[in-house]
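What TrEMBL records for this protein:
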- 31-78: domain 'Phorbol-ester/DAG-type' (DOMAIN)
- 93-144: domain 'Phorbol-ester/DAG-type' (DOMAIN)
- 181-203: region 'Disordered' (REGION)
- 190-203: compositional bias 'Polar residues' (COMPBIAS)
- 302-401: domain 'Ras-associating' (DOMAIN)
- 491-628: domain 'DAGKc' (DOMAIN)
Amino acid sequence: VCNFMSHEKCLKNIKIPCSCIAPSLVRVPVAHCFGSPGHYKRKFCTVCRKSLESPALRCEVCELHVHTDCILFACSDCRQCHQDGHQDHDTYHHHWREGNLSSSARCEVCKKTCGSSEVLSGMRCEWCGILAHAACYVIVTPECTFGRLRNMILPPSCVQLFSRNFSKLHCFRVTENLQTEPDEDDDIDGSTQGSTKDVQISTDSSKQTLKIFDGNDAVKRNQFRLISVPRIAKNEEVVEAALRAYYINDDQQEYELQTFTQQALLSDDVINRNDAAEDSNLSSVFRESVPEAWIIRAKPKDEEVIRIYPAWLKVGMAYVSLRVNKDSTTQTVIKEVLPLLGKQTECLENFKLVEVLMGSKQVQRMVLDNQELILNRLKDIRKTSIRQMNQTRFYIAENNKSIVRVNLLVGGLPPQLSREEYTNILKAELAIKTNVVSVSHVYQAQGAVVLEISCFSEAERIYMLVKDTTVNEKPLNVVVIPEVMASKIPQNCCPILVFVNPKSGGLKGRDLLYSFRKLLNPHQVFELTNGGPLPGFHTFCKVPSFRVLVCGGDGTVGWVLGALEEIRHKLACSEPSVAILPLGTGNDLGRVLRWGAGYSGEDPYSILVSVDEADDVLMDRWTILLDADEPAEGAENGVAEPEPPKIVQMNNYCGLGIDAELSLDFHHAREEEPGKFNSRFHNKGVYVKVGLQKISHTRNLHKDIKLQVDQHEVELPSIEGLIFINIPSWGSGADLWGSDSDNRFEKPRIDDGLLEVVGVTGVVHMGQVQGGFRSGIRIAQGSYFRVTLLKPIPVQVDGEPWIQAPGQIIISAAGPKV
């Protein structure tokens with residue numbers, strides 16, 4: 001059935017379950033989260049165990065890899081990352097996944113290697129990462145303690161998300177790669193279902209190729225599997241081959257094949273395969289050499305045994321087997337099951353029977369009607385699809401009123417409005433139903449609100465509508481927010497909140513997002529292109545202590561620190577410490593704090609360990625107020641309005657003149673052709689080229705600006721660039737201040753409340769500083785600066801450049817240190 005291979009002498013030791021019984025081993029059904037198909041080297045399909053040559057799918061949350069045409073046979077055995085109101089529990093067992101380990105992986109039990117790059121081999125727990133052989137993992141204690149990262153993981157029992165029909169991609173805020181065409185909802189496996197990689201249409205004249213459908217659903221979608229059987233095959237052999245193609249290991253005596261013609265199918269009247277018609281049928285098919293089409297049908301039964309799983313059993317696979325006959329209804333089944341589960345005293349009305357289809361992409365639950373005949377229901381499922389029958393389970397559950405609470409964070413609204421004004425905008429734009437939707441939080445500075453919705457269909461409607469709505473020509477964005485139950489977080493747990501900017505230097509962000517989602521709880525990993533830092537901080541607002549990891553360049557770090565400053569008063573942990581994984585081009589802040597010059601593909605697990613072991617230090621931040629005297633150009637009808645003062649935050653440095661001008665040219669080059677800027681090396685090359693074009697410029701910057709430090713005028717030497725530095729690293733690691741001791745100034749530190757002011761004479765001087773031959777010209781050190789610009793001058797703050805109109809620039813310390 002699943003291509004598993006073994007020596008004959010080893011058969012007795014085999015513990016690995018076949019794909020066909022995978023659905024029966026699921027403890028708690030959780031759907032997978034598949035993005036778009038991609039190419040994965042040296043990985044194997046969990047269903048058919050063959051390697052993935054063609055584009056395949058992988059789950060964004062667990063290690064499941066699967067061919068696009070095997071996806072139907074994978075079942076919902078993803079790891080449970082949150083409580084969703086079904087079978088919630090606080091004890092976690094290991095969540096084992098087979099194979100796709102590195103060949104150096106070692107077994108926890110016998111210490112021998114258990115990974116392989118040739119076949120699916122070895123088991124790994126997707127929470128704690130423990131590795132073991134398939135034969136050894138059975139003796140590992142079942143309870144999982146989340147491993148080395150346990151204090152950083154947001155425990156799944158503390159997260160609540162009632163997601164019902166929301167796609168998993170939305171629940172985990174996974175943005176789909178836009179490079180690939182197929183959409184998540186269109187079945188990518190359309191008519192390619194005939195698994196051409198397994199069976200080429202046989203040219204051997206003693207074989208025949210048949211098209212097999214497993215029920216009416218497959219026929220409607222034209223999804224078939226091809227099987228190849230000898231021309232003289234017996235009926236049973238053909239049935240068995242057909243069942244195997246659908247990963248079903250039931251007794252072939254219970255099934256038969258029916259043939260159909262397209263016309264017959266339209267009237268949904270499928271003729272039985274009988275022996276008389278068979279010969280004439282086959283001979284005509286061979287003449288046309290078209291594969292013949294058959295449907296697998298289950299033979300009707302008068303009674304059968306079904307398994308009933310109790311939904312309140314927190315852990316364990318326990319079920320009750322029950323014989324049902326043609327008179328059994330949902331009600332009689334409930335009546336027979338309760339005594340077997342020790343609940344004979346309870347009232348029948350308090351229970352319901354739920355049919356659960358454990359598909360790989362979605363777990364579908366349906367409450368059965370009390371009078372429904374169970375055998376008829378089974379017959380209907382099998383008629384629709386025999387494969388679905390294999391993935392269907394019946395749960396007996398208590399009839400409690402289920403609560404519905406979906407939280408959506410809607411951003412991109414105009415800032416600084418009141419709760420009423422936001423509600424009115426949402427009523428006008430999205431026609432929200434105020435009886436089921438309420439505004440639970442308002443973030444005025446960011447122009448965002450959190451909606452609490454008590455109706456799934458309304459939540460889904462709003463989610464889909466927001467994506468196409470603009471307010472004041474700004475598109476809105478929306479994120480599903482999980483609820484973190486802070487009271488349940490263990491004492492010593494300090495979960496980490498991860499922000500990744502997938503656009504930062506070298507575009508390595510995507511792989512990091514994927515790795516961190518795997519290593520941690522995906523609910524603690526946020527993509528900054530999807531609503532910025534706010535969704536992450538809002539999700540963690542009640543967590544008593546947490547830390548932050550920012551993956552991106554210095555600009556990204558500034559963005560997150562700025563957001564933290566604005567929202568700090570609403571957080572239970574108002575001063576979380578921040579770690580940096582440098583992905584940008586310069587990464588000066590990353591260098592100073594010893595996170596390295598730039599990420600070059602280190603193992604994400606070891607990065608998390610070093611974040612766990614890192615020490616806290618304080619750092620100053622600065623506020624820059626830019627007040628232009630002259631009005632902005634292009635003012636309407638000739639009446640000039642002065643531009644309002646602009647405020648920016650600074651972490652690293654602020655440059656005026658030549659330094660900012662190079663940055664500006666680089667910025668323009670990047671805006672024009674962003675595709676070329678995906679490697680740090682190329683980015684630096686562009687800086688060099690831009691610099692060479694500027695060598696001949698002599699600009700007298702010192703004549704165009706005046707500088708005041710702590711209320712004293714400072715005379716400027718003849719320079720082309722003036723730079724204010726907060727950290728001892730500038731322009732990718734150069735020391736602009738220099739290491740010489742000087743009795744005029746204090747030794748610079750990042751938490752001394754002082755900024756250093758340095759001048760450069762031009763591009764050549766900057767190049768020498770970069771090369772480490774010279775340092776800049778030391779001008780001043782202080783905590784309050786006023787710069788007067790006499791003409792428009794390029795300015796850059798932490799790598800973001802622009803041209804500043806004449807006027808005042810005031811630099812002063814910002815709020816508390818971070």
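Using the three backbone atoms N, Cα and C, a Cβ is placed for every residue, glycine included.
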Field: Ranked first among 31-78, 93-144, 302-401 for CB pairs under 8 angstroms with the domain 'DAGKc' (491-628)
entry: 31-78
Message: Considering every residue in the domain 'Phorbol-ester/DAG-type' (93-144), what is the mean pLDDT value?
response: 90
- line: Secondary structure of the domain 'DAGKc' (491-628) by DSSP, residue by residue, totals 55 helix, 26 strand, 57 coil
- line: Reduced to three DSSP states, the domain 'Phorbol-ester/DAG-type' (31-78) has 3 helix, 13 strand, 32 coil
For the domain 'Phorbol-ester/DAG-type' (93-144), residues assigned helix / strand / coil by DSSP: 3 helix, 12 strand, 37 coil
